[in-house]
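Q: Just lifted these from TrEMBL, have a look:
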- 6-29: transmembrane segment (TRANSMEM)
- 22-342: domain 'G-protein coupled receptors family 1 profile' (DOMAIN)
- 41-62: transmembrane segment (TRANSMEM)
- 82-101: transmembrane segment (TRANSMEM)
- 122-141: transmembrane segment (TRANSMEM)
- 170-195: transmembrane segment (TRANSMEM)
- 282-302: transmembrane segment (TRANSMEM)
- 322-345: transmembrane segment (TRANSMEM)
Amino acid sequence: MATILLPVVVYVSILMVLGIIGNAIVCYIYLYKWKVKSVKYFIGCLSSLDLLTCLFCMPIEIAMLRNPLLLDDPVLCKFLRFVRAFTSLSAGFMLIVIAIDRFRRICKHHETQISVSLAKKMCLSTLIAGIIFSWPCFIIFGQLDRSDELTIETSCSTDRHLKGTIYPTIFYGVIFLCFMFISVSLVTFYTMIGVRLCKLPSLKKSSSKRYSVTESTNSSQNDGLENQRQFLEREKVGGSKIKTDGSLLKNKQSFQKRLSKIDLKGKLGRHMLSMNRRKQTTIVLFLITLIQWLSFFPYVALLVCNSVIPNFLSSMDSQQQMAYNIGILSHFISSGINPFIYGFLGRDFREECRRSFSDIRNSLNSVKRLSVSSITRRDS
C-alpha cells in the first residue's frame with residue numbers, strides 16, 4: 001500500500017518544500033518590510049495560512065501516507081483535519097476580503113478605501129469564520145475501521161462510530177455551501193472588476209481628450225492676452241510704461257501656459273500610474289484566487305462524492321485510489337505555488353526581495369570582516 005502511495009508522497013513533499021521556502025519569504029517581505037497598507041495584511045495573512053499548512057498539515061500527511069496502517073492515532077487525525085479545514089476555509093474567506101478590497105480600489109477609487117485598522121479586523125474575522133466552520137472536524141474524523149475492506153488511503157478518515165450516520169453528510173454539505181458562497185462571491189466581484197479594467201483604455205482616451213480641451217481653452221485665454229499686449233504696444237502711449245506692461249503680459253502668458261500644462265499632465269500622469277499599479281496588483285491577486293479555487297475544487301468534489309455515493313472509494317482499483325488521494329490533497333497546490341505567483345508577476349515584490357537579500361548579504365559580509373579582524377588582532 002505504501003508503495004502505491006509513493007507518487008502521492010513525492011507530490012506532497014515537493015509542494016511542502018516549495019511552500020515552506022516561498023511562504024516564509026512572502027511573510028517576511030509583507031509583514032516586516034512592506035509599507036503599512038491594507039494589502040500588506042491581506043497577503044500576509046494568506047501566506048501565513050499557507051505556511052501553517054506547509055509546516056503542519058503536509059508533514060503529518062506524508063507520515064500517514066508512508067504508514068497508512070500503523071499511524072492511526074485518532075487525536076492526531078482530528079488535529080490534522082481541523083488545521084487543514086481551518087486554513088483552507090480561512091483562506092477562502094480571505095479571498096473574498098481581497099476581492100472586496102480590489103473592487104473598491106478599481107471600481108470605487110474615489111470613495112474611502114479600507115483602512116489599515118479595518119483590514120486587521122477583517123483578517124481576524126476570516127480566521128474566526130474558519131474556526132467556526134472547522135471545529136466539527138474534532139468530532140467527525142477519527143480512526144478508520146478497516147475490518148470490512150482494505151482501501152488505499154490513510155487511517156485518518158470519518159470516525160468509525162459515525163460511519164453511516166447523517167453527521168458526516170451534514171458537515172460535507174456545509175463545506176460545500178461555503179465553497180459555493182465563496183465561488184459566487186469571487187465570480188461576482190471579479191466580473192465587475194474585469195468590466196472596469198476593460199474600460200480603462202477608453203478612460204485613458206477620455207482623460208487625454210479632457211486634457212486637450214483644457215489646453216485649448218488655456219491657449220485661447222493666452223491668445224487674448226497676446227492680443228491685448230500687441231494692442232498696448234501699438235498704442236505707443238506712455239512710451240516705456242506701455243512696453244513694460246506688454247512685457248509683463250507676455251511673461252504672465254508664458255508662465256500660465258507652462259503651469260497649466262505641468263499641472264494637467266501631472267494630475268493625469270499620477271492618476272493613470274495609480275490605476276496601472278492597481279491593475280497589476282489586481283491581476284496578481286486574481287491569479288492567486290483562481291489557483292486557490294481550482295486547487296480547492298477537487299477536494300470539495302471528492303468529499304461530497306465520498307459522502308453521497310455508496311462504496312465510492314472501495315469500488316476503485318489501486319490506480320484510481322491513488323488518483324483519489326492526489327485529488328483529495330489538491331488544496332495543497334495553492335500553498336506551494338502561490339509565493340511564485342507573487343515573485344513572477346509582482347514587480348514591487350521582486351524589488352523588495354532583491355533589497356532584502358542584498359541587505360542580508362551585506363550584513364553577513366560585515367560580520368565576516370569583523371570576525372577576521374578580531375582573529376587578526378588576537379594573533380598579533
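Note that Cβ sites are derived from N, Cα and C of the backbone, with glycine treated the same way.
TrEMBL entries are annotated by machine, without manual review.
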Q: Under an 8 Å Cβ to Cβ limit, what residues of the same chain, 6 or more beyond the ends of the transmembrane segment (41-62), are close to it?
A: 9, 12-13, 15-16, 19-20, 23-24, 26-27, 30-31, 34, 76, 79-80, 83-84, 87-88, 90-91, 94-95, 97-98, 101, 116, 119-120, 122-123, 126-127, 154, 285, 288, 329, 332, 334-336, 338-339, 342
Q: Give the nonlocal contacts of the transmembrane segment (122-141) in its own chain as ranges (CB under 8 Å, at least six residues past its ends).
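A: Distant contacts of the transmembrane segment (122-141): 41-42, 45, 74, 77-78, 81-82, 85-87, 89-90, 93-94, 97, 114, 156-159, 162, 167-168, 171, 174-175, 178.
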Q: Do any residues, 6 or more residues outside the transmembrane segment (170-195), come within under 8 Å Cβ-to-Cβ of it, and if so which ones?
A: 85, 89, 92-93, 95-96, 99-100, 102-103, 106-107, 133, 136-137, 140, 282, 286, 289, 293, 296-297, 300, 303-304, 307
Q: Near the transmembrane segment (6-29), which residues from the same chain, at least 6 beyond its ends, have a CB less than 8 A from one of its CBs?
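A: Distant Cβ neighbours of the transmembrane segment (6-29) are 43-44, 47-48, 50-51, 53-55, 58-59, 61-62, 65-66, 322, 325-326, 329, 332-333, 335-340, 342-343, 349, 352-353, 356.
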Q: Which whole-number mean pLDDT does the model give the domain 'G-protein coupled receptors family 1 profile' (22-342)?
A: 77
